[in-house]
């Protein structure tokens, strides 16, 4: 009876003992981790408004993922290869699920979301306090009552999101370095670029799902089910609107946990691809045994770890590749993270629509670029030198094309007393704001309240009171204000809730912006595979896992963590009006100075990415100096067969005896 069960168990293990099955499981792991990451990036604006925090704190929350990753990335990358790599990937996916669940907790621990407003949703009487009434005292000032102020502790709930994102970053750590090294170790060298290309294309399902789920949740009110949405005086286009961000994180938690299950069934090692087809499994077993014996003869795992690190630090091509990666991430991360905010404030669309358009236009072009690039690398057998040249040319083309976005400008939304005068004359960003005018001085209005209305004269006002409106009709978001003294010059003196919409010319420029984005993403993804192959092939086989981990470490330390924080702080400097908390403290930014925001959003990343050109030329020069036998086939390129530089020779001499012992094994493996 035990024999059939044993056969079933062996058959089940054999089903998972294939590199292509592992590739499929790794694709789903990439999809789940990218789904969580993309969804987080689409919800940053919602979190900013939910917790009434600045953009710099939002950047800190976003960077906390990299902090978690940074804590363990180097040790996972190196020591993970000594352990069971598939199981470590499975544990990482489960930990990511836990992090997503913790992120969603504040919704269940906080009370209902209260947006800044003075308007009662059912008010339609001319005596309401938010309207213009002569000789009235300001009874709606921000409270200074300690009992009320203590409620503002709810805004500190963003710390749960911070901690959850750190845990999510820790869980994500083993997936890329251990997954890529597992494929590199057990796949044919000529199939490796294709498999990585398939992986890059397959993982694009993650952004597609994330960009679909983001707008869906953003259009649902955060407290849906517990409030009557008909009574809301805000819509998804309002900068105070908060979508149901917590729903998506619960979905991501479940997906990550389910994704972890298959990895617990993969073996620690696989037969080298091609050997099992030739019946040469015994040769692979001997090679594995020889490799294990060599490891046992090492003086110690810690010493080997530091020797490999020294090897990598003495590799000039590797270090230049790391430098270009850091500069690239500094530029690209800022563009990706804050693109929804830029589209919302520059082109006047809702956050949900911005997220949907980003996914619709960018995901297909990136997928096509990855697939075409991987296919070309395999079929044409691009050499290392040609791959470096192709990557640099494509990257420079993408950078130059992105500069065209500077020409696509929309006018700043006219807001009386903020961006324009009450006569409609545009004001400079540096000018002192004058919220009061002759038409509303008698109303004794609050000047910090953000309840924007759009007059039929095309000018927006910060509140119905500042527009001089004396009467309101209707309820909820359909409320109309009448008898507005500041609008009477146009012949009709009514206003509706919300900022005025941008003109059709701005909508056309949005389309041009998105089309340019499509081509930029396509060129960027085309350059990724050849650039990544240069990075992989500049290391020895046994150094790749640690090299990938070190690269990820530096990218997170010098780009992933600081970039969203300093960029968010710079964006805060372009804020025109801050929301107000109950105790009078500033909350989330309600509107930005569009021209300054545009110059910052497009200019700083362009400068950072443009600085990559210099180290890229040095990489090309170093590659051309290398004497690579048989550089006609990319599968034959390994640094161990090249002529080392003077600096590499100096570093190698310190552990020459160790290298001699393993030289025969290394050549057999290569």
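Cβ coordinates come from backbone N, Cα and C, glycine included.
Residues or ranges marked as topological domain 'Cytoplasmic' in Swiss-Prot (evidence: sequence analysis): 1-20 (among others).
Annotation source Swiss-Prot lists transmembrane segment at 21-40 (among others), citing sequence analysis.
Mean per-residue pLDDT, taken over the topological domain 'Extracellular' (41-59), amounts to 91. Among the features that Swiss-Prot reports, topological domain 'Extracellular' is placed at 41-59 (among others), with the record citing sequence analysis.
Neighbour density for residue 52 (N-linked glycosylation site): within 10 A of its CB lie 25 other CB atoms from the protein chains shown. For the recorded site, residue 52 (N-linked glycosylation site), the DSSP three-state label reads coil. Annotation source Swiss-Prot lists N-linked glycosylation site at 52 (among others), citing sequence analysis.
Here Swiss-Prot flags 60-80 (among others) as transmembrane segment, drawing on sequence analysis.
Residues 22, 174, 178-179, 181-182, 263-268, 295, 301, 545-546 of the same chain lie 6 or more positions beyond the ends of the topological domain 'Cytoplasmic' (81-86) yet place their CB under 8 Å from a CB of it. Summarising the annotation, Swiss-Prot assigns topological domain 'Cytoplasmic' to 81-86 (among others) and lists sequence analysis as the type of evidence.
Taken from Swiss-Prot, the feature transmembrane segment applies to 87-111 (among others). Here the transmembrane segment (87-111) has long-range neighbours at 26, 29, 32-33, 36, 40, 50-51, 68, 76, 80, 154, 157-158, 160-161, 163-175, 178-179, 222, 245-246, 249-250, 252-257, 259-264, 266, meaning same-chain residues at least 6 beyond its ends whose C-beta is under 8 angstroms from one of its own.
According to Swiss-Prot, the feature N-linked glycosylation site maps to 124 (among others), an assignment based on sequence analysis.
Under the heading N-linked glycosylation site, Swiss-Prot lists 135 (among others).
What Swiss-Prot records for 156-184 (among others) is transmembrane segment. Within the chain, the transmembrane segment (156-184) has long-range Cβ neighbours (under 8 A, six or more residues past its boundaries) at 19, 22-23, 26, 29-30, 33, 36-37, 40, 47, 51, 53, 57, 60-62, 64-73, 76-77, 80-81, 85-86, 88-89, 91-106, 109-110, 192, 195-196, 199, 256, 270, 536, 541, 544-545, 548-549, 552.
Annotation comment: Swiss-Prot describes 185-203 (among others) as topological domain 'Cytoplasmic'. Note: the topological domain 'Cytoplasmic' (185-203) comprises 13 helix, 0 strand, 6 coil (DSSP; helix = H, G, I, strand = E, B).
Swiss-Prot lists 204-224 (among others) with the feature transmembrane segment. Residues 30-39, 41-43, 46, 50, 107, 112-113, 232, 236, 241-248, 251, 350-353, 355-356, 358-360, 362-363, 366-367, 370 of the same chain, all 6+ positions outside the transmembrane segment (204-224), place their C-beta atoms under 8 angstroms from a C-beta of that stretch.
Cβ atoms under 8 Å from those of the topological domain 'Extracellular' (225-242) belong to residues 46, 49-50, 112-113, 115-117, 119, 121-122, 218-219, 344, 349-352, 450-451, 475-477, 479, 497-499, 579, 588, 590-591 of the same chain, restricted to positions at least 6 beyond its ends. Per Swiss-Prot, the feature topological domain 'Extracellular' maps to 225-242 (among others).
Packing against the transmembrane segment (243-267) from elsewhere in the chain are residues 12-13, 16-17, 21-22, 25, 28-29, 31-33, 35-36, 39, 43, 46-47, 50, 86-87, 89-94, 96-98, 100-101, 103-104, 106-108, 171, 213-214, 217-222, 224, 236, 351-352: each is 6 or more residues past its ends and has a CB under 8 Å from a CB in it. As annotated by Swiss-Prot, transmembrane segment applies to 243-267 (among others), with the evidence given as sequence analysis.
If you look up Swiss-Prot, you'll see 268-311 (among others) marked as topological domain 'Cytoplasmic'.
Taken from Swiss-Prot, the feature transmembrane segment covers 312-333 (among others).
A gap of 5 Å separates the Cα atoms of residue 486 (disulfide bond) and residue 439 (disulfide bond).
Of all the Cβ atoms in the protein chains shown, 30 others lie within 10 Å of the Cβ of residue 465 (disulfide bond).
When Cβ-Cβ distances under 8 Å to the transmembrane segment (312-333) are tallied for each of 60-80, 514-536, 606-623, the top count falls to 606-623. Listed in sequence order, the recorded positions from 52, 445, 454 having a Cα within 10 Å of the Cα of residue 469 (disulfide bond) amount to none. Following the DSSP three-state reduction, the secondary structure of residue 445 (disulfide bond) is coil. Proximity of distant same-chain residues to the transmembrane segment (21-40), defined by a Cβ-Cβ separation under 8 Å and at least 6 residues beyond the stretch ends, is recorded for 15, 62, 65, 86, 89, 93, 96, 100, 103, 165, 168, 172, 175, 179, 182-183, 195, 198-199, 202-203, 205-207, 209-211, 213-214, 248-249, 252, 255-256, 259-260, 262-263, 266, 270. Long-range Cβ contacts of the topological domain 'Extracellular' (334-353) within its own chain (Cβ-Cβ under 8 Å, at least 6 residues beyond either end) map to 41-42, 44-46, 55, 59, 62, 214-216, 218-219, 236-237, 239, 241, 243, 410, 413, 499, 501-502, 506-507, 509-510, 513, 563-564, 567-568, 571, 591-592, 594, 597-598, 601, 604-605, 608. By number of Cβ pairs under 8 Å, the transmembrane segment (60-80) is matched best by 546-571 from the list 382-405, 514-536, 546-571, 606-623.
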